[in-house]
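Annotated features, as they stand in Swiss-Prot:
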- 47-111: coiled coil (COILED)
- 138-213: coiled coil (COILED)
- 261-345: coiled coil (COILED)
- 244-258: compositional bias 'Polar residues' (COMPBIAS)
- 314-342: compositional bias 'Basic and acidic residues' (COMPBIAS)
- 391-400: compositional bias 'Basic and acidic residues' (COMPBIAS)
- Ser45: phosphoserine (MOD_RES)
- 222-261: region 'Disordered' (REGION)
- 314-400: region 'Disordered' (REGION)
Amino acid sequence: MDSELSQSMVGSYLNPPERMHLPSFTQNEAFQNCHPGTPPKMFNSPNNQALVSALKTLQEKIRRLELERTQAEDNLNLLSREAAQYKKALEEETNERNLAHQELIKQKKDISIQLSSAQSRCILLEKQLEYTKRMVLNVEREKTMILEQQAQLQREKEQDQMKLHAKLEKLHVLEKECLRLTATRQTAEDKIKCLEEKLKEEEHQRRLFQDRACEKTNCLKREPPQQRDHKFRTPTFERKKPFRTTSQARANPQSSGEPVSICDSLSELLMTMEEELDQMNMEHRELLRQTMQPGNHSVSEDIEQELEQLAKKMESKGDQISKLKKHQDSVRKLQEKIENSRINESSGIHGNPKGSKNLKTSPRKCVSETSSFQRDRGFQPVQVHSLQSKLRRDDIKWEQ
C-alpha cells in the first residue's frame, strides 16, 4: 500500500505530483468492479484519511514549491539578463574609459611636444633678442661715427670751398691765358694753311714731273727694236761680267731685302708681344699682392676672377710667342735656302760663260732671271709670299 501511494501520489523528481493524474471516480469504480470481493479498507480507516489529508497538504506544498521554483527560475533568468546587460554596460564603460585614457595620453604627448617647441622658440627668441641688442649697440656706435664723419666732412667742405675760391681765381687767370693761346693758335693755323698750299703746289709740280718722265719712258718703249739693239749692242766678252755684277748687285738686295724686312717685322712683333707678356706679369704680381692684403671678400673674389682671366691671356700670349718664334726660325731657314740657291745660281752662271746648256735645259729659268734683272724693286719670291700669307692667316692672333 505504501508503495502504491508512493507511486500514485508522491511522484518523483522526474514526475512531480502536479503532473500526476489522480484516479477519478469512474476509475475507482472500474477498479472496484475488477476487484469485487475486496472491501475498501483504505477509505474506511482513519489513518488512511489522515494520510490522504497529509498527502493533500504535501501536494499543496509541492505545488507552492514548484511555483516558487518557477518564480526562482524566472528571477534567475531575469538576473542573468540583467547581469549580461550590466556586463555589457561595464565593458562599454571600460572601453570608453580606455579611449578617454588614450585620448588623455595623446593630449599629454601633444602638450609635451608643444611645450618643447615653445621652449625652443623661447630660446630662439632670446637669441634673437640678444642679437638685436648687439645690432642696436652697433647702430648707435655707427651713428656716433657718422656724426663725427659729418662734422669732419663739414670742416673739409669749408676747406674745399676755400680751395675752390682759390682755384676759381686761378681759373680766371687761366682763361685769360687761354684766350691769348687761342689767338696764337689762330695765327699758327693761318701759317699752316699757307704751308699746306705750298705743299699742294709742290705736289702738283712733282706730279707734272712724273708725267713727263712717264711720257719719256713710253717714247723709249715705242722706239723700234733695232734702234734699241743698236743702242745696247756691245761686245759679249767685254759686257758679260759687268752685266752679271750689276744684276747680281741689284738682285741681292731685292731677294734678301724682303726676307730681311720680314724677319725685322717678326722680331719687332716678337719684342712687342714679349713686352706685353712682361706687362701682364707685372699686373699679375700686383694683383697677387692685392690679394695677400686683408680686405673685402667681394673685392678679393673680383681680383681672383681677374687673375684667372689674366692667366688665360698669358697662356695664349705664350702660345703666340712660341708659334711666332717657330715661324721666325722657318723664315730664317728659308732665307738661308734662298741665299744658297742664289749663290749656286750665280756660281753656275760664272762657271758657264757660254750658257748654252743652261739655256737649253731651263729656258724659263733664264727668262725669269733676265726679267728679274730688268725689274725694279717689285721682285718678291713666291715662297716668301706664301710664308707671309700663312703667317698672317693662321698664327698671329691678336687679342680683342
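From the backbone N, Cα and C atoms, a Cβ is placed for every residue, glycine too.
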Integer mean pLDDT for the coiled coil (138-213): 84
All-chain count of other Cβ atoms within 10 Å of Ser45 (phosphoserine): 11
Counts of helix, strand and coil residues, the compositional bias 'Basic and acidic residues' (314-342), according to DSSP: 29 helix, 0 strand, 0 coil
